[in-house]
Amino acid sequence: ELEETASGQEETALGQEETAWGQEETAWGQEETALEQEETALEQEEMASEQEETALGQEETALEQEETALEQEEMASEQEETALGQEETALEQEETALEQEEMASEQEETALGQEETALEQEETALEQEEMASEQEETALGQEETALEQEETALEQEEMASEQEETALGQEETALEQEETALEQEEMASEQEETALGQEETALEQEETALEQEEMASEQEETALGQEETALEQEETALEQEEMASEQEE
């Protein structure tokens, strides 16, 4: 009878131990399920991180293309500025030539004025000679006519010189206006180049921010990988512990 009682107690103890193993195995199953859910969540988060990294790469490519376009536009602006400088130099040379031509015209006009004065003095002398000698009046009249014709020609030449000087002045004014327009165009080109430089600086700053964001995404992905490895190691340990429990059972 004592042996039967002891056997019943041992059987009861074994039943309790088996129940405890069942509970422990259930807890392990729940923990394993939770780990699998956490692993699935980490995989989804890793996929989202990879998608975000892909989007950042595409945005960085677009920024590089926009930066290349800005550099090309800046080169075109510099070439336009160079052409404007060459055109301005040519206008300055043309203006210098016109000034020299105007000076030559003024010198010619001065010489004509001196010649006209000499003719007037000669005409005065002839008139005095006419008064002194009536016999020479015919010859003096002919000479006076010739002098008047020469004086008329000189006056016409002087008028033509004045007209030429007026035309030169108008051409010089037009050149000055064209030079002013070129200077204004050059100032606009410099302002455009400054705006392009500022836009390029903003793009470089935006590209730097994207690179920093991409580095942070890579660091986050590395941390997720480490966390996933830890979960896999923990899952492996649970499986080993479960296998040991089954072997013990």
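Each Cβ is built from the backbone N, Cα and C atoms, and glycine gets one as well.
What TrEMBL lists as compositional bias 'Polar residues' is 1-10.
Marked as region 'Disordered' by TrEMBL: 1-249.
Residues or ranges marked as compositional bias 'Acidic residues' by TrEMBL: 33-53 (among others). For the compositional bias 'Acidic residues' (33-53), same-chain residues at least 6 beyond its ends with a Cβ under 8 Å from one of its own Cβ atoms are 214, 217-218, 220-221, 224-225, 227-228, 231-232, 234-235, 238.
Same-chain neighbours of the compositional bias 'Acidic residues' (61-81): 186, 189-190, 192-193, 196-197, 199-200, 203-204, 206-207, 210, counting only residues six or more beyond its ends whose CB sits under 8 Å from a CB of the stretch. Per TrEMBL, compositional bias 'Acidic residues' is recorded for 61-81 (among others).
Using a Cβ-Cβ cut-off under 8 Å and counting only residues 6 or more beyond its ends in the same chain, the compositional bias 'Acidic residues' (89-109) has close neighbours at 158, 161-162, 164-165, 168-169, 171-172, 175-176, 178-179, 182. Annotation comment: TrEMBL describes 89-109 (among others) as compositional bias 'Acidic residues'.
The compositional bias 'Acidic residues' annotation in TrEMBL covers 117-137 (among others). For the compositional bias 'Acidic residues' (117-137), the list of distant contacts is 143-144, 147, 150-151, 154: same-chain residues at least six beyond its ends, Cβ to Cβ under 8 Å.
Within the chain, the compositional bias 'Acidic residues' (145-165) has long-range Cβ neighbours (under 8 A, six or more residues past its boundaries) at 102, 105-106, 108-109, 112-113, 115-116, 119-120, 122-123, 126. What TrEMBL records for 145-165 (among others) is compositional bias 'Acidic residues'.
Same-chain residues lying 6+ beyond the ends of the compositional bias 'Acidic residues' (173-193) with a Cβ under 8 Å from its Cβ atoms: 74, 77-78, 80-81, 84-85, 87-88, 91-92, 94-95, 98. Annotation comment: TrEMBL describes 173-193 (among others) as compositional bias 'Acidic residues'.
Within the chain, the compositional bias 'Acidic residues' (201-221) has long-range Cβ neighbours (under 8 A, six or more residues past its boundaries) at 46, 49-50, 52-53, 56-57, 59-60, 63-64, 66-67, 70. Positions annotated as compositional bias 'Acidic residues' by TrEMBL: 201-221 (among others).
Taken residue by residue, the compositional bias 'Acidic residues' (229-249) breaks down under DSSP into 20 helix, 0 strand, 1 coil. Residues annotated as compositional bias 'Acidic residues' in TrEMBL: 229-249 (among others).
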On the DSSP side of things, how many residues of the compositional bias 'Acidic residues' (89-109) fall into helix, strand and coil, could you say?
21 helix, 0 strand, 0 coil
Please indicate, using numbers and ranges, the residues of the same chain that are 6 or more beyond the compositional bias 'Acidic residues' (229-249) and have a C-beta under 8 Å from a C-beta there.
18, 21, 24-25, 28, 31-32, 35-36, 38-39, 42
By DSSP, what is the split of the compositional bias 'Acidic residues' (61-81) into helix, strand and coil residues?
21 helix, 0 strand, 0 coil
